[in-house]
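Asks: This is the feature table in Swiss-Prot:
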type	residues	note
DISULFID	Cys29-Cys119	disulfide bond
BINDING	Tyr30, Gly32, Gly34, Asp51	Ca(2+) binding site
DISULFID	Cys31-Cys47	disulfide bond
DISULFID	Cys46-Cys98	disulfide bond
ACT_SITE	His50	active site
DISULFID	Cys52-Cys126	disulfide bond
DISULFID	Cys53-Cys91	disulfide bond
DISULFID	Cys60-Cys84	disulfide bond
DISULFID	Cys78-Cys89	disulfide bond
ACT_SITE	Asp92	active site
Amino acid sequence: VEGSLVQFETLIMKLAKRSGFFWYSFYGCYCGWGGHGLPQDPTDRCCFVHDCCYGKVTNCNPKTATYSYTEENDGIVCGGDDPCKKQVCECDRVAAMCFRDNKDTYDSDKYWKLPPQKCQEDPEPC
């Protein structure tokens with residue numbers, strides 16, 4: 001794993017104060033690789049929106065593009081001259097803030113390693 005996925009983990013650590021790999025890799029229908037069905041709770045919706053955001057990125061691979069950002073007032077400001085990499089940074093920044101803002105509804109007992117049959121509904125559009 002390199003590039004943006006490592007940076008995404010860093011942004012989650014900075015903003016949500018927890019490990020993205022540990023807390024969000026196998027959660028709900030959309031957190032982790034792939035995604036199917038309907039988002040199960042607000043945290044899973046963060047991942048759904050992040051997947052949709054990555055799907056709209058053009059001219060670079062969002063999973064490997066390395067972007068630049070600065071930390072300002074306990075927040076993240078995406079920078080750099082490459083519009084594609086800046087878009088990837090914004091996807092990651094918004095998702096990390098979403099994780100932070102939805103910690104109180106995170107339910108590992110209910111949604112951690114959710115069986116695939118729970119994610120069979122027709123997905124909603126991005």
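Backbone N, Cα and C define each Cβ position, glycine as well.
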Asks: Out of the binding-site residues listed (Tyr30, Gly32, Gly34), which are within 10 Å of Cys91 (disulfide bond), Cα to Cα?
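Replies: Qualifying among Tyr30, Gly32, Gly34: none.
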Asks: Roughly how many angstrom lie between the C-alpha atoms of Cys78 (disulfide bond) and His50 (active site)?
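Replies: The Cα atom of Cys78 (disulfide bond) is 16 Å away from the Cα atom of His50 (active site).
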Asks: Work through the recorded positions one by one (Cys29, Tyr30, His50, Cys119, Cys126) and name whichever has its CA nearest to the CA of Asp92 (active site).
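Replies: Sorting the recorded positions by distance from Asp92 (active site), the top entry is His50.
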Asks: Write down the Cα-Cα distance for Cys31 (disulfide bond) and Cys46 (disulfide bond), rounded and given in Å.
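Replies: Distance (Cα to Cα, whole Å): 8 Å.
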Asks: Where does Tyr30 (Ca(2+) binding site) sit by DSSP, helix, strand or coil?
Replies: coil
Asks: Mind giving me a neighbour count for Gly32 (Ca(2+) binding site)? Other Cβ atoms within 10 Å of its Cβ, every protein chain shown.
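Replies: Gly32 (Ca(2+) binding site) is surrounded by 15 other Cβ atoms within 10 Å.
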Asks: Setting Tyr30, Gly32, Gly34, Asp51 aside, what same-chain residues sit with their Cβ within 8 Å of the center of the Cβ atoms that define the Ca(2+) site, listed in sequence order?
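Replies: Once Tyr30, Gly32, Gly34, Asp51 are set aside, the remaining close residues are Cys29, Cys31, Trp33, Gly35, His36, Cys47, Phe48.
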Asks: Want to know which recorded positions, from His50, Cys52, Cys60, Cys119, are within 10 Å of Cys31 (disulfide bond) at Cα; which are they?
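Replies: Those near Cys31 (disulfide bond) - Cα within 10 Å - are His50, in sequence order.
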Asks: In terms of DSSP three-state secondary structure, what is the assignment for Asp92 (active site)?
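Replies: In the DSSP reduction, Asp92 (active site) maps to helix.
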Asks: Long-range neighbours only, meaning 6 or more apart in sequence with Cβ under 8 Å: which ones does Cys52 (disulfide bond) have?
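Replies: Those within reach of Cys52 (disulfide bond), by Cβ under 8 Å and sequence separation of 6 or more, are Cys126.
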Asks: Give the helix, strand or coil assignment DSSP yields for Cys60 (disulfide bond).
Replies: coil
Asks: Measuring Cα to Cα, how far is His50 (active site) from Cys98 (disulfide bond) in Å?
Replies: 10
Asks: What is the Cβ neighbour count of Cys60 (disulfide bond) at a 10 Å cut-off, with all protein chains included?
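Replies: Its Cβ has 18 other Cβ atoms within 10 Å.
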